[in-house]
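One structure below.
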Amino acid sequence: MPQYQAVKGARDIFPEESAQWKYVEGVIHTVASLYGFSEIRTPVFEYTELFQRGIGSTTDIVGKEMFSFLPDPNGRSITLRPEMTAGVMRAALQKNILSAAPVHKLYYIGELFRKERPQAGRQRQFSQFGAELLGVSTPAAVAEVITLMMQVFESLGLRNLRLRINSLGDSDDRFRYREALKTYFAPFHDRLDDSSKERLEKNPLRILDSKNPAIQEIVAGAPRLYDYLSVASVEDFEKVLYYLQERGITYEIDHRLVRGLDYYCHTAFEVTSSELGAQDAIGGGGRYDGLARELGSSSEVPASGFAAGMERVLLTMEKQGLFAALTPQGPVVYVVLQQAELADHGMQVAWRLRKAGIRTEIDLAARSMKAQMRDANRMRASWALFIGSAEVTTGLYAFKNLVTSEQTTLSLEAVLETLHETASGELQK
Ligand code: AMP
(Lines of atoms letter the chains of each structure in order from A and count residues from 1; the text may use other names and numbers.)
(Lines give C-alpha, C1' and ligand atoms only; values in the text may rest on other atoms or scores of the structure.)
Protein backbone atom coordinates (compact mmCIF):
# COMPACT_ATOMS: atom_id res chain seq x y z
CA MET A 1 0.00 0.00 0.00
CA PRO A 2 1.41 3.44 -0.87
CA GLN A 3 2.54 5.53 2.06
CA TYR A 4 -0.01 8.31 1.54
CA GLN A 5 -3.75 7.78 1.37
CA ALA A 6 -6.53 10.32 0.99
CA VAL A 7 -7.91 11.48 4.33
CA LYS A 8 -10.67 9.18 5.57
CA GLY A 9 -14.02 10.50 4.42
CA ALA A 10 -12.54 12.35 1.42
CA ARG A 11 -12.21 10.85 -2.05
CA ASP A 12 -10.65 11.35 -5.46
CA ILE A 13 -12.66 11.77 -8.60
CA PHE A 14 -10.88 10.31 -11.63
CA PRO A 15 -11.65 11.31 -15.24
CA GLU A 16 -14.34 8.71 -15.92
CA GLU A 17 -16.26 9.90 -12.89
CA SER A 18 -15.51 13.58 -13.38
CA ALA A 19 -17.24 13.30 -16.77
CA GLN A 20 -20.34 12.23 -14.82
CA TRP A 21 -19.94 15.18 -12.47
CA LYS A 22 -19.60 17.58 -15.37
CA TYR A 23 -22.73 16.18 -16.94
CA VAL A 24 -24.75 16.56 -13.72
CA GLU A 25 -23.36 20.06 -13.15
CA GLY A 26 -24.33 20.98 -16.72
CA VAL A 27 -27.93 19.91 -16.09
CA ILE A 28 -28.00 21.93 -12.84
CA HIS A 29 -26.72 25.06 -14.62
CA THR A 30 -29.25 24.62 -17.42
CA VAL A 31 -32.29 24.03 -15.21
CA ALA A 32 -31.30 26.82 -12.79
CA SER A 33 -31.14 29.25 -15.70
CA LEU A 34 -34.61 28.16 -16.88
CA TYR A 35 -35.91 29.40 -13.54
CA GLY A 36 -33.84 32.60 -13.62
CA PHE A 37 -31.42 31.57 -10.86
CA SER A 38 -27.81 32.83 -11.05
CA GLU A 39 -24.77 31.16 -9.57
CA ILE A 40 -23.13 32.39 -6.39
CA ARG A 41 -19.75 31.18 -5.10
CA THR A 42 -18.87 31.91 -1.50
CA PRO A 43 -15.65 31.13 0.43
CA VAL A 44 -14.98 27.62 1.67
CA PHE A 45 -14.39 28.99 5.16
CA GLU A 46 -16.23 31.51 7.28
CA TYR A 47 -15.92 32.82 10.80
CA THR A 48 -17.12 30.10 13.16
CA GLU A 49 -19.77 32.36 14.75
CA LEU A 50 -21.61 32.56 11.44
CA PHE A 51 -22.44 28.85 11.64
CA GLN A 52 -23.08 28.96 15.38
CA ARG A 53 -25.72 31.63 14.75
CA GLY A 54 -26.77 30.50 11.30
CA ILE A 55 -27.21 26.77 11.97
CA GLY A 56 -27.76 26.84 15.71
CA SER A 57 -25.60 25.64 18.57
CA THR A 58 -27.96 22.82 19.58
CA THR A 59 -27.57 21.03 16.23
CA ASP A 60 -25.24 18.08 15.67
CA ILE A 61 -23.46 20.01 12.94
CA VAL A 62 -22.40 22.85 15.20
CA GLY A 63 -22.16 20.70 18.34
CA LYS A 64 -19.73 18.12 17.02
CA GLU A 65 -19.23 18.08 13.26
CA MET A 66 -17.42 21.30 12.37
CA PHE A 67 -13.81 21.48 11.24
CA SER A 68 -12.76 24.63 13.05
CA PHE A 69 -9.34 26.09 13.59
CA LEU A 70 -7.50 29.22 14.57
CA PRO A 71 -5.64 30.71 11.63
CA ASP A 72 -3.18 32.40 13.97
CA PRO A 73 -2.80 32.41 17.77
CA ASN A 74 -4.77 35.61 18.30
CA GLY A 75 -7.15 35.19 15.37
CA ARG A 76 -10.86 34.47 15.31
CA SER A 77 -11.83 30.85 14.89
CA ILE A 78 -12.74 29.93 11.33
CA THR A 79 -14.66 26.88 10.12
CA LEU A 80 -14.76 24.95 6.86
CA ARG A 81 -18.34 25.45 5.72
CA PRO A 82 -20.64 22.56 6.76
CA GLU A 83 -23.56 23.93 4.69
CA MET A 84 -24.14 26.76 2.25
CA THR A 85 -27.19 28.73 3.36
CA ALA A 86 -25.52 30.72 6.14
CA GLY A 87 -22.67 31.78 3.83
CA VAL A 88 -25.04 32.80 1.04
CA MET A 89 -27.17 34.86 3.43
CA ARG A 90 -24.03 36.41 4.94
CA ALA A 91 -22.83 37.38 1.46
CA ALA A 92 -26.23 38.89 0.53
CA LEU A 93 -26.33 40.93 3.74
CA GLN A 94 -22.70 41.98 3.50
CA LYS A 95 -23.13 43.34 -0.02
CA ASN A 96 -26.57 44.66 0.79
CA ILE A 97 -27.88 43.30 -2.50
CA LEU A 98 -31.46 43.19 -1.30
CA SER A 99 -31.71 46.95 -1.08
CA ALA A 100 -30.87 47.32 -4.77
CA ALA A 101 -33.18 44.55 -5.98
CA PRO A 102 -35.60 43.09 -3.47
CA VAL A 103 -35.59 39.55 -4.86
CA HIS A 104 -32.52 37.43 -5.52
CA LYS A 105 -32.55 33.94 -6.93
CA LEU A 106 -29.21 32.27 -6.32
CA TYR A 107 -27.88 28.76 -6.77
CA TYR A 108 -24.61 27.05 -6.02
CA ILE A 109 -22.56 23.90 -6.38
CA GLY A 110 -19.84 23.49 -3.78
CA GLU A 111 -17.82 21.41 -1.34
CA LEU A 112 -18.80 21.05 2.30
CA PHE A 113 -17.07 19.59 5.32
CA ARG A 114 -18.55 17.74 8.27
CA LYS A 115 -16.76 15.64 10.87
CA GLU A 116 -19.22 12.75 10.61
CA ARG A 117 -18.38 9.05 10.82
CA PRO A 118 -17.67 8.11 7.20
CA GLN A 119 -19.88 5.37 5.73
CA ALA A 120 -21.59 4.61 2.43
CA GLY A 121 -23.16 7.87 1.24
CA ARG A 122 -21.65 9.86 4.10
CA GLN A 123 -18.33 11.62 3.70
CA ARG A 124 -16.38 14.27 5.54
CA GLN A 125 -15.85 16.23 2.37
CA PHE A 126 -18.89 16.16 0.10
CA SER A 127 -20.67 18.43 -2.35
CA GLN A 128 -24.08 19.94 -2.54
CA PHE A 129 -25.98 21.87 -5.12
CA GLY A 130 -28.82 24.05 -4.01
CA ALA A 131 -30.72 27.25 -4.42
CA GLU A 132 -31.73 30.12 -2.18
CA LEU A 133 -34.58 32.45 -3.08
CA LEU A 134 -34.15 35.63 -1.03
CA GLY A 135 -36.56 38.52 -0.57
CA VAL A 136 -39.90 36.77 -1.01
CA SER A 137 -41.30 33.59 0.49
CA THR A 138 -44.86 33.43 -0.73
CA PRO A 139 -46.23 29.95 -1.49
CA ALA A 140 -45.43 30.65 -5.16
CA ALA A 141 -41.77 31.32 -4.28
CA VAL A 142 -41.48 28.22 -2.10
CA ALA A 143 -43.14 26.11 -4.80
CA GLU A 144 -40.64 27.54 -7.30
CA VAL A 145 -37.73 26.31 -5.17
CA ILE A 146 -39.21 22.81 -4.81
CA THR A 147 -40.09 22.65 -8.50
CA LEU A 148 -36.58 23.68 -9.52
CA MET A 149 -35.10 20.90 -7.38
CA MET A 150 -37.53 18.31 -8.74
CA GLN A 151 -36.89 19.40 -12.34
CA VAL A 152 -33.15 18.89 -11.87
CA PHE A 153 -33.82 15.37 -10.57
CA GLU A 154 -36.25 14.69 -13.40
CA SER A 155 -33.89 16.05 -16.07
CA LEU A 156 -31.22 13.70 -14.76
CA GLY A 157 -33.68 10.85 -15.16
CA LEU A 158 -33.83 9.90 -11.46
CA ARG A 159 -36.62 7.49 -10.58
CA ASN A 160 -38.23 6.25 -7.37
CA LEU A 161 -37.77 9.44 -5.38
CA ARG A 162 -40.04 10.28 -2.48
CA LEU A 163 -40.84 13.90 -1.67
CA ARG A 164 -42.12 14.40 1.85
CA ILE A 165 -43.43 17.76 2.94
CA ASN A 166 -44.73 19.39 6.09
CA SER A 167 -45.59 22.78 7.52
CA LEU A 168 -43.88 24.12 10.62
CA GLY A 169 -46.27 27.06 10.86
CA ASP A 170 -45.20 30.40 12.25
CA SER A 171 -43.55 31.10 15.59
CA ASP A 172 -46.88 31.41 17.44
CA ASP A 173 -48.01 28.05 16.07
CA ARG A 174 -44.76 26.47 17.14
CA PHE A 175 -44.88 28.08 20.58
CA ARG A 176 -48.25 26.43 21.22
CA TYR A 177 -47.01 23.15 19.79
CA ARG A 178 -43.81 23.20 21.84
CA GLU A 179 -45.85 23.54 25.02
CA ALA A 180 -48.03 20.63 23.90
CA LEU A 181 -44.93 18.51 23.25
CA LYS A 182 -43.48 19.30 26.66
CA THR A 183 -46.71 18.19 28.28
CA TYR A 184 -46.76 15.04 26.15
CA PHE A 185 -43.14 14.02 26.81
CA ALA A 186 -43.16 14.83 30.55
CA PRO A 187 -44.51 11.42 31.70
CA PHE A 188 -41.93 9.67 29.46
CA HIS A 189 -39.02 11.64 30.90
CA ASP A 190 -37.26 8.60 32.43
CA ARG A 191 -37.42 6.70 29.14
CA LEU A 192 -35.81 9.50 27.12
CA ASP A 193 -32.15 9.22 26.14
CA ASP A 194 -29.74 12.01 27.14
CA SER A 195 -29.92 13.88 23.88
CA SER A 196 -33.73 13.81 23.90
CA LYS A 197 -33.75 15.09 27.49
CA GLU A 198 -31.54 17.94 26.40
CA ARG A 199 -33.76 18.62 23.39
CA LEU A 200 -36.82 18.61 25.63
CA GLU A 201 -35.27 21.50 27.53
CA LYS A 202 -33.90 23.45 24.59
CA ASN A 203 -36.03 22.60 21.60
CA PRO A 204 -38.57 19.75 21.96
CA LEU A 205 -39.35 19.79 18.23
CA ARG A 206 -36.00 18.20 17.58
CA ILE A 207 -36.99 15.07 19.54
CA LEU A 208 -39.17 14.26 16.54
CA ASP A 209 -35.93 14.00 14.53
CA SER A 210 -34.47 11.30 16.80
CA LYS A 211 -33.19 8.19 15.03
CA ASN A 212 -33.32 6.13 18.26
CA PRO A 213 -36.06 3.44 17.79
CA ALA A 214 -37.05 3.61 21.48
CA ILE A 215 -37.62 7.36 21.14
CA GLN A 216 -39.38 6.95 17.80
CA GLU A 217 -41.87 4.65 19.56
CA ILE A 218 -42.70 7.40 22.04
CA VAL A 219 -42.77 10.01 19.27
CA ALA A 220 -45.37 7.96 17.39
CA GLY A 221 -48.06 9.01 19.88
CA ALA A 222 -47.03 12.68 20.08
CA PRO A 223 -49.43 15.43 19.00
CA ARG A 224 -49.13 16.69 15.42
CA LEU A 225 -47.83 20.16 14.66
CA TYR A 226 -50.42 20.36 11.91
CA ASP A 227 -53.19 20.47 14.51
CA TYR A 228 -51.63 23.60 16.03
CA LEU A 229 -51.39 25.61 12.83
CA SER A 230 -53.40 28.83 12.49
CA VAL A 231 -55.86 29.18 9.63
CA ALA A 232 -53.42 31.45 7.78
CA SER A 233 -50.60 28.89 8.12
CA VAL A 234 -52.82 26.09 6.81
CA GLU A 235 -53.80 28.27 3.85
CA ASP A 236 -50.15 29.03 3.09
CA PHE A 237 -49.30 25.33 3.13
CA GLU A 238 -52.32 24.36 1.03
CA LYS A 239 -51.28 26.89 -1.60
CA VAL A 240 -47.79 25.38 -1.85
CA LEU A 241 -49.38 21.94 -2.23
CA TYR A 242 -51.74 23.30 -4.87
CA TYR A 243 -48.80 24.44 -7.02
CA LEU A 244 -47.13 21.04 -6.68
CA GLN A 245 -50.33 19.25 -7.70
CA GLU A 246 -50.76 21.57 -10.69
CA ARG A 247 -47.26 20.59 -11.82
CA GLY A 248 -47.78 16.88 -11.35
CA ILE A 249 -45.23 16.68 -8.54
CA THR A 250 -46.10 13.77 -6.27
CA TYR A 251 -45.61 14.33 -2.55
CA GLU A 252 -46.54 12.85 0.80
CA ILE A 253 -47.40 14.95 3.82
CA ASP A 254 -45.19 13.84 6.70
CA HIS A 255 -46.23 15.32 10.02
CA ARG A 256 -42.97 14.24 11.65
CA LEU A 257 -40.73 16.14 9.25
CA VAL A 258 -39.26 19.07 11.17
CA ARG A 259 -36.39 21.45 10.92
CA GLY A 260 -35.79 22.16 14.56
CA LEU A 261 -34.41 25.69 14.37
CA ASP A 262 -36.43 28.73 15.23
CA TYR A 263 -35.81 30.59 12.03
CA TYR A 264 -37.36 27.82 9.92
CA CYS A 265 -41.05 28.34 9.33
CA HIS A 266 -43.93 27.04 7.27
CA THR A 267 -42.93 24.65 4.48
CA ALA A 268 -40.19 22.05 5.05
CA PHE A 269 -39.44 19.20 2.65
CA GLU A 270 -37.11 16.30 2.06
CA VAL A 271 -36.47 13.95 -0.85
CA THR A 272 -35.26 10.40 -0.32
CA SER A 273 -34.06 7.81 -2.80
CA SER A 274 -34.96 4.14 -2.35
CA GLU A 275 -31.59 3.32 -3.94
CA LEU A 276 -29.48 4.61 -1.06
CA GLY A 277 -29.88 2.41 2.03
CA ALA A 278 -29.42 3.99 5.47
CA GLN A 279 -28.30 7.42 4.23
CA ASP A 280 -31.26 7.82 1.92
CA ALA A 281 -31.80 11.61 2.00
CA ILE A 282 -30.90 13.11 -1.35
CA GLY A 283 -32.02 16.67 -0.71
CA GLY A 284 -34.16 18.88 1.43
CA GLY A 285 -35.00 22.41 2.33
CA GLY A 286 -37.61 24.83 3.47
CA ARG A 287 -38.50 28.37 4.31
CA TYR A 288 -36.27 30.33 6.69
CA ASP A 289 -37.58 33.87 7.10
CA GLY A 290 -35.84 34.28 10.46
CA LEU A 291 -32.26 33.57 9.41
CA ALA A 292 -31.27 37.09 8.34
CA ARG A 293 -32.37 38.51 11.69
CA GLU A 294 -30.39 35.79 13.45
CA LEU A 295 -27.34 37.00 11.50
CA GLY A 296 -27.85 40.57 12.67
CA SER A 297 -30.00 42.03 9.89
CA SER A 298 -32.24 44.83 11.12
CA SER A 299 -35.11 43.58 9.00
CA GLU A 300 -36.46 40.17 8.18
CA VAL A 301 -35.52 38.64 4.83
CA PRO A 302 -38.20 36.23 3.65
CA ALA A 303 -36.37 33.28 2.15
CA SER A 304 -36.51 29.63 1.15
CA GLY A 305 -34.12 27.16 -0.39
CA PHE A 306 -32.99 23.60 -0.85
CA ALA A 307 -29.74 21.67 -0.78
CA ALA A 308 -29.11 18.29 -2.43
CA GLY A 309 -26.15 15.94 -2.07
CA MET A 310 -24.16 15.61 -5.30
CA GLU A 311 -22.58 12.28 -4.34
CA ARG A 312 -25.96 10.78 -3.50
CA VAL A 313 -27.44 12.04 -6.76
CA LEU A 314 -24.53 10.45 -8.63
CA LEU A 315 -24.82 7.23 -6.64
CA THR A 316 -28.53 6.98 -7.44
CA MET A 317 -27.84 7.66 -11.13
CA GLU A 318 -25.16 4.97 -11.16
CA LYS A 319 -27.53 2.43 -9.59
CA GLN A 320 -30.26 3.35 -12.07
CA GLY A 321 -27.91 2.97 -15.04
CA LEU A 322 -28.30 6.61 -16.06
CA PHE A 323 -24.70 7.14 -17.11
CA ALA A 324 -24.70 4.38 -19.74
CA ALA A 325 -25.19 6.84 -22.59
CA LEU A 326 -22.36 9.12 -21.50
CA THR A 327 -19.49 8.55 -23.93
CA PRO A 328 -16.33 10.56 -23.44
CA GLN A 329 -15.49 13.02 -26.23
CA GLY A 330 -12.64 11.53 -28.23
CA PRO A 331 -10.11 13.48 -30.27
CA VAL A 332 -11.16 14.68 -33.71
CA VAL A 333 -7.69 14.13 -35.14
CA TYR A 334 -5.00 11.69 -34.09
CA VAL A 335 -1.60 12.74 -35.45
CA VAL A 336 0.24 9.50 -36.27
CA LEU A 337 4.04 9.56 -36.39
CA GLN A 338 5.57 7.09 -38.85
CA GLN A 339 8.94 7.47 -37.16
CA ALA A 340 9.79 8.73 -33.69
CA GLU A 341 12.29 11.22 -35.22
CA LEU A 342 9.40 13.12 -36.79
CA ALA A 343 7.95 13.95 -33.39
CA ASP A 344 8.99 17.63 -33.46
CA HIS A 345 7.20 18.21 -36.75
CA GLY A 346 4.19 16.25 -35.50
CA MET A 347 4.06 18.34 -32.33
CA GLN A 348 4.00 21.51 -34.43
CA VAL A 349 1.14 20.17 -36.56
CA ALA A 350 -0.82 19.09 -33.47
CA TRP A 351 -0.29 22.55 -31.97
CA ARG A 352 -1.63 24.23 -35.11
CA LEU A 353 -4.72 22.03 -35.13
CA ARG A 354 -5.35 22.72 -31.44
CA LYS A 355 -4.90 26.46 -31.98
CA ALA A 356 -7.57 26.16 -34.66
CA GLY A 357 -9.91 24.61 -32.09
CA ILE A 358 -9.62 20.96 -33.15
CA ARG A 359 -9.33 18.32 -30.39
CA THR A 360 -6.07 16.62 -31.30
CA GLU A 361 -4.07 13.73 -29.86
CA ILE A 362 -0.45 12.81 -30.49
CA ASP A 363 1.69 10.09 -28.99
CA LEU A 364 4.25 11.42 -26.52
CA ALA A 365 5.91 8.09 -25.78
CA ALA A 366 7.57 7.23 -29.13
CA ARG A 367 5.42 4.15 -29.60
CA SER A 368 5.09 2.12 -32.82
CA MET A 369 2.67 3.17 -35.54
CA LYS A 370 0.55 0.13 -34.77
CA ALA A 371 0.28 1.16 -31.12
CA GLN A 372 -0.65 4.71 -32.17
CA MET A 373 -3.41 3.43 -34.48
CA ARG A 374 -4.73 1.19 -31.71
CA ASP A 375 -4.82 4.25 -29.45
CA ALA A 376 -6.65 6.30 -32.08
CA ASN A 377 -9.33 3.61 -32.39
CA ARG A 378 -9.65 3.15 -28.65
CA MET A 379 -10.16 6.89 -28.24
CA ARG A 380 -12.64 6.85 -31.14
CA ALA A 381 -10.74 9.52 -33.07
CA SER A 382 -12.51 10.59 -36.25
CA TRP A 383 -9.45 11.19 -38.41
CA ALA A 384 -5.80 10.16 -38.57
CA LEU A 385 -3.21 12.55 -39.97
CA PHE A 386 0.03 10.79 -40.91
CA ILE A 387 3.46 12.36 -40.53
CA GLY A 388 6.16 10.66 -42.65
CA SER A 389 9.42 12.06 -44.02
CA ALA A 390 7.74 12.76 -47.40
CA GLU A 391 4.99 14.72 -45.68
CA VAL A 392 7.53 16.83 -43.83
CA THR A 393 9.19 17.87 -47.09
CA THR A 394 6.09 18.39 -49.22
CA GLY A 395 3.78 19.82 -46.52
CA LEU A 396 1.08 17.45 -47.83
CA TYR A 397 -0.31 14.90 -45.36
CA ALA A 398 -2.08 11.60 -45.71
CA PHE A 399 -5.40 12.29 -44.02
CA LYS A 400 -7.65 9.33 -43.27
CA ASN A 401 -11.29 9.27 -42.33
CA LEU A 402 -11.33 6.55 -39.68
CA VAL A 403 -15.05 5.90 -40.07
CA THR A 404 -15.15 5.39 -43.88
CA SER A 405 -11.42 4.50 -44.26
CA GLU A 406 -11.20 6.98 -47.19
CA GLN A 407 -7.82 8.62 -47.47
CA THR A 408 -6.69 11.80 -49.24
CA THR A 409 -3.55 13.88 -49.36
CA LEU A 410 -3.98 17.44 -48.18
CA SER A 411 -2.09 20.49 -47.00
CA LEU A 412 -2.71 21.49 -43.40
CA GLU A 413 -4.88 24.40 -44.59
CA ALA A 414 -7.02 22.01 -46.62
CA VAL A 415 -7.25 19.68 -43.58
CA LEU A 416 -8.59 22.54 -41.48
CA GLU A 417 -11.06 23.45 -44.19
CA THR A 418 -12.32 19.86 -44.39
CA LEU A 419 -12.69 19.72 -40.62
CA HIS A 420 -14.59 22.98 -40.45
CA GLU A 421 -16.90 21.79 -43.22
CA THR A 422 -17.88 18.64 -41.30
CA ALA A 423 -20.10 19.66 -38.39
CA SER A 424 -17.82 21.42 -35.84
CA GLY A 425 -14.91 19.39 -37.13
CA GLU A 426 -16.48 16.09 -36.09
CA LEU A 427 -17.89 13.24 -38.11
CA GLN A 428 -21.44 12.14 -37.60
CA LYS A 429 -20.82 8.86 -35.90
P1 AMP B 1 -28.44 18.77 4.97
O2 AMP B 1 -27.65 20.02 4.69
O3 AMP B 1 -27.93 18.00 6.15
O4 AMP B 1 -29.93 18.99 4.96
O5 AMP B 1 -28.15 17.80 3.74
C6 AMP B 1 -28.64 18.02 2.45
C7 AMP B 1 -28.19 16.86 1.58
O8 AMP B 1 -26.75 16.80 1.54
C9 AMP B 1 -28.59 15.51 2.12
O10 AMP B 1 -29.89 15.20 1.71
C11 AMP B 1 -27.56 14.60 1.52
O12 AMP B 1 -27.91 14.27 0.20
C13 AMP B 1 -26.31 15.46 1.48
N14 AMP B 1 -25.41 15.19 2.63
C15 AMP B 1 -25.50 15.65 3.89
N16 AMP B 1 -24.47 15.23 4.64
C17 AMP B 1 -23.68 14.48 3.83
C18 AMP B 1 -22.45 13.76 4.01
N19 AMP B 1 -21.80 13.75 5.15
N20 AMP B 1 -21.94 13.09 2.94
C21 AMP B 1 -22.58 13.09 1.74
N22 AMP B 1 -23.73 13.75 1.53
C23 AMP B 1 -24.28 14.43 2.54
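Quick reminder: no glycine exception, Cβ is built from N, Cα and C everywhere.
Per TrEMBL, L-histidine binding site is recorded for Glu83, Met84, Thr85, Arg114, Gln128, Glu132, Arg259, Tyr263, Tyr264. Counting only same-chain residues at least 6 apart in sequence, those with a Cβ under 8 Å from the Cβ of Glu83 (L-histidine binding site) are Phe51, Ile55, Ile61, Leu112, Gln128, Ala307.
The feature domain 'Aminoacyl-transfer RNA synthetases class-II family profile' is assigned by TrEMBL to 1-328.
A simple way to gauge crowding: the CB of Arg259 (L-histidine binding site) has 24 other CB atoms within 10 angstroms, across all the protein chains here. For the recorded site, Glu83 (L-histidine binding site), the DSSP three-state label reads coil.
Within 10 Å of the C-beta of Thr85 (L-histidine binding site) there are 20 other C-beta atoms, taking all protein chains into account. With a CB cut-off of under 6 A applied against ligand 1, the binding-site residues Thr85, Gln128, Arg259, Tyr264 are reduced to Gln128. Note: Tyr264 (L-histidine binding site) has non-local neighbours Leu168, Gly286, Arg287, Tyr288, Gly290, i.e. same-chain residues 6+ apart with C-beta under 8 A of its own C-beta.
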